[in-house]
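Record features (TrEMBL):
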TRANSMEM  48-68  transmembrane segment
TRANSMEM  88-108  transmembrane segment
TRANSMEM  144-167  transmembrane segment
TRANSMEM  213-236  transmembrane segment
TRANSMEM  248-269  transmembrane segment
TRANSMEM  289-311  transmembrane segment
Amino acid sequence: MERQPLLTQVGNLVGNRQQDEEGQASGGDHPIFLRAAHSPWRPLNQNALGYIRGALVAYLIATAGMLIDYETKHRESEYTNWRIPFQFSAVTWFLLIIYHILVFSWTITHMHWPDIDENDTRWESRLLRFMSPPEQTTDGRGRIYFSLFHVVTQVFALLNVIVYWTIQVPNGRSHLPAPGEGGGDDGDGDAFIVYGTGASKNPFREVYPQGWFPIYCLFNLYVFPALEVVIESLVLNSMRRPEPVPTHLFTSIGSAALYLVYATIGAKLTGHNAFFWLDESIVGSKEKVTAYCAGFMALAAAAFATLYGLVGMRESISDRAHSH
């Protein structure tokens, strides 16, 4: 039994404006699961896309191991290593890994094994059925659930980068030092970049002599996730703008709020706050903590708007390209 019709032309995915239940414009009966596994650009065929997604999954998993090694062995902290699962960057990477494993498996199984016998009980067939895109059903809610998961993953990736460079870094609570300090996540002096001596105070004058590894970790924690969002949204999938907009917007905001609850639990268990602005003793009052939390959720809404705009831009360009 064929779980999904094999797509012979990517253009079929982008040329029809029919709206499905979740507002994902679809060509014929192509659901969001197939859009996630197909690039909108004809030069990027399924075989190449499969290799790219496989390489991306391998990169994410390998780098996650290196980031854990860095956090546990190369950065001194007075707090337990159990603080790491509660860090927003760790949650972001976990979601990215799950998302890309899922979409990679759909991409390769739909290309190589589109027709799997439902009555075959061999373990190979069961594994392939498990890895294949879900079946299309008229009353199923799987499409909206996956759409929400995709949006939250991409929003968190953007939010992780935005919060770091717009809040953490300017306040000296990051891997970069604040003026006159050794700066670092907890002010422990473990910075990637240090100030020069003498008249010049350029923070980028000298790289902290720890080799390439700390810089690599900084890049992957607080730059790479934004690049992933851009490449995933513009090149690797042909999903339409997430609709209904209110559902996806409030899910993004609600997920950010849930993370704050999760971070609060982590602070109670480990004594370490994921962000400095969650610590009342640092910011000065509960009202300021509340204001920072509200700002965090507002940034989640802004990240969703950015994602929506990226997908809309790609839609417009690809639709024009396929209309000729």
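These residue numbers are counts, starting from 1, taken along the chain as shown.
Quick reminder: no glycine exception, Cβ is built from N, Cα and C everywhere.
Unlike curated records, TrEMBL annotations are generated automatically.
Quick caveat, the model's predicted, so the values are computed rather than measured.
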Stretch of maximal Cβ-Cβ contact with the transmembrane segment (213-236) [cut-off: under 8 Å; candidates 48-68, 88-108, 144-167, 248-269, 289-311]: 144-167
Cβ-Cβ under 8 Å with the transmembrane segment (144-167): same-chain residues at least 6 beyond its ends: 21-22, 24, 32-33, 36, 88-89, 91-92, 95-96, 98-99, 134, 174, 221-223, 225-226, 228-229, 232-233, 239, 242, 247-248, 251-252, 255-256, 259, 275, 277, 292, 296, 299-300, 302-304, 306-307
Tertiary contacts of the transmembrane segment (248-269), as residues 6+ beyond its ends and Cβ separation under 8 Å: 82-83, 85-86, 88, 91, 147-148, 151-152, 155-156, 159, 242, 275, 278-279, 293, 296-297, 299-301, 303-304
Remote residues contacting the transmembrane segment (48-68) - C-beta distance under 8 A, at least 6 residues beyond either end: 37-39, 84, 93, 96-97, 100-101, 103-104, 107-108, 111, 213, 216-217, 220-221, 224, 236
